[in-house]
Amino acid sequence: MKVEALDKFWADKSRYDLAEKRFYEGPQKVTDRSHYSPLVSEIAKAREHIQNSLEKIDGVTLDDGLNSELAKRLAQLEGEHKELKTQVSLLNELLTATVKRLETQLKLTNGVSKEPEVEAKKPEANDDDDDVDLFGSDSEEEDGEAARIREERLAAYAAKKAKKVQIIAKSNIILDVKPWDDETDLKVMETEIRKITQDGLLWGASKFVPVAFGIQKLSISCVVEDDKVSIDWLTEEIEKLEDFVQSVDIAAFNKI
């Protein structure tokens, strides 16, 4: 009897009881933890929102406000496109007209031809006519007519050139003439200077200008023709008046 009782003894019962307890308590703990975890609820909301967004995109559902905004934008882009096409067309027309105008001007510039030179035809000598020039009288008349026309043109050109007014280059000069001392008579010195004459020289106004220590200088103006009177010659002529003149300076020089 004792041996049978020992054979029926379950030594691992406690381990099986613990496993059974864990099996039944596991789902309950997971359910309770979901109630108290905010992260799980946020994930569920995010999944729901993503699912709704995907359904809207698949169905191409847009709001009325968005549709009207897109329509306005498309209309604005179409208007700008038409305006750009119009401006490009106008620019092309303007460019074409400019090119045509330039081509016309180039043709006119390059198309100016000189007067054709009329060459008198010389009759060819015919050996069969024994060197008889049958058109000799006509050629002589043509040569005489050409010579007359040439003479008339030369005469007309000469007359036109003679009538043309030639521009004479002139200069207005102011000279400062300094005497030796205060005892020099400036009036006499001026008289002697004005005695210098030359074709193309015209004396002008004059005045006495104080220098220092009671000494004065003569400032006199004159107009000279550049082709006829040299400035160096004029100053040398004035300096030849050694009894009165110490030096001559050019105070002003202007072209007329």
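Using N, Cα and C of the backbone, Cβ positions are placed for all residues, glycine too.
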Annotated phosphoserine residue, as Swiss-Prot has it, among S68, S89, S221, S230: S89
In Swiss-Prot, the member of S34, S139 to which phosphoserine is assigned: S139
Phosphoserine according to Swiss-Prot, picked from S53, S171: S53
